[in-house]
Amino acid sequence: MAAPMDCLESLEGEGSVGRRASGVEVALPSNPGAPAPQCPHGPTLLFVKVSQGKEEPRKFYACSACRDRKDCNFFQWEDEKLSEARLAAREIHNQRCQPPLSRAQCIERYLSFIQLPLTQRKFCRSCQQLLLPADWREHGEHQLSADISTTQIARPSQLLYPLENKKTHAQYLFADRSCQFLAGLLATLGFRRVLCVGAPRLHEQIRLTAPGEKPDMRSLLLDIDFRYSQFYLEESFCRYNMFNHHFFDGKAALEVCKAFLQEEEGKGVIMVTDPPFGGLVEPLAVTFKKLIAMWKEGQSQDDSHKELPIFWIFPYFFESRICQFFPSFCMLDYQVDYDNHALYKHGKTGRKQSPVRIFTNIPPNKIILPSEEGYRFCSVCQRYVSRENQHCVHCNSCTSKDGRKWSHCFFCKKCVKPSWIHCNTCNRCALPDHSCLGPKDGCFICGSLDHKRSNCPSIGASQRANNAVRKQKQRKSNKIRREALKDNP
């Protein structure tokens, strides 16, 4: 999954400078033990609006998966009390929003479909559904594809329309080049099982690998797109929301995932995840840590110190945010490309290269990147880097993040993008036409540049001061109201 290019600049801003002065952030609930209310996509997340670095007093619950209320309009204040009637109505609504077919029904239909002769295998493009002969009359006026081959059934991502709603799914799929590289790399590293979280095309590639070509690998796909339910048996697919660790088919699906991770005492498994770029890093990190904990439950005591190998595929400008939650992660130079995105494709140069990278806790010197694509090994950094990523003797590192050659700034004491120049007014490097209003990064509470607002040690004092100001204004307002009532009995 990926985000569209028109969101790239705003995403880069979010990733590179941390949280903005204004926006919406995930918040901690006042009562951590209380379950969050549920929307059709599972447990909701608690959010808080932030304006100029200050949190608004009331927090609210909203959908974890949908960033646009047109897709999921759930909204509830944290302190809001709902009647039994409203809770019952919400439960009915959540049930109505679920797919028309249960997981068991999808499996039954799939087993029937693959037994049909080729001439009777039809797919409704209008409804995005495999059709049995009994369904033909109902879909007679729809756009149909006939003679669905076994190969097509094995590649549902090419049969289904991508869900390109950029605020909900942003479903952009790996290009064959990147997909084949990833599958080959996983096999070279010796993995036997791959947990694909939001990576349907990699899941397909692994399952399509011909026996004998390389060591056999198995894959389990976790994805929120219910349409994949009709193409896989229960041991190959679980409908899953990666933003809240919600298995839509309950305990049975959770046990499938658990067994997959804990097989062979957790050895030989890796998690590969490709979240929507517009998703918040914090809830993703929380979810991935729950999957890691699930994996650790199956380990022997001798292996309790080990980490679950992970490939997290995300834009390079989220590096600091990802490493904040997973300090052992490093970013590889490999540029991941997407098949159905005009700008995230191989062969582009300069600023328009794909910004998508692989973050991993596997030592980078073990990961060989393809030399035919221009990657080379830096003996000093002990990792493969892109062609233009030159080693800086001052930083003692290959510093480029975006595939271009970066320049060292002796004032900032670090390498910066080639389009940036040093501004003496701001005392930092920036674009030539920037506004000299000072850096946007740093803490909006105390002004320090070494942490963000959410980690500020003064946040408690700041909140107390804000509360005191609000109370003072409220007392003044009440006093004016009382005086007005006296004057107008």
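Every residue, even glycine, has its Cβ placed from backbone N, Cα and C.
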*asked:* Of the residues C381, C415, only one is listed by Swiss-Prot in the Zn(2+) 4 site with C392, C395, H408. Which is it?
replied: C415
*To which of the residue ranges 261-278, 297-314, 333-350, 441-458 does Swiss-Prot assign the term zinc finger?*
441-458
*the zinc finger (39-81): DSSP-derived helix, strand, coil residue counts*: 0 helix, 18 strand, 25 coil
_Neighbour-count leader, CB within 10 A, binding-site residues: H139, H142_ = H139
*Using the Cβ centroid of C124, C127, H139, H142 as the reference point for the Zn(2+) 2 site, which residues of the same chain not in that list have Cβ within 8 Å?*
R125, S126, Q129, L131, D135, E138, Q143, L144
*What average pLDDT is reported by the model for the domain 'DHHC' (393-443)?*
88
*Can you check which residues sit near C127 (Zn(2+) 2 binding site), meaning Cβ under 8 Å from its Cβ, same chain, 6 or more apart in sequence, and list them in order?*
H139, H142
*What does DSSP say about C124 (Zn(2+) 2 binding site): helix, strand or coil?*
strand
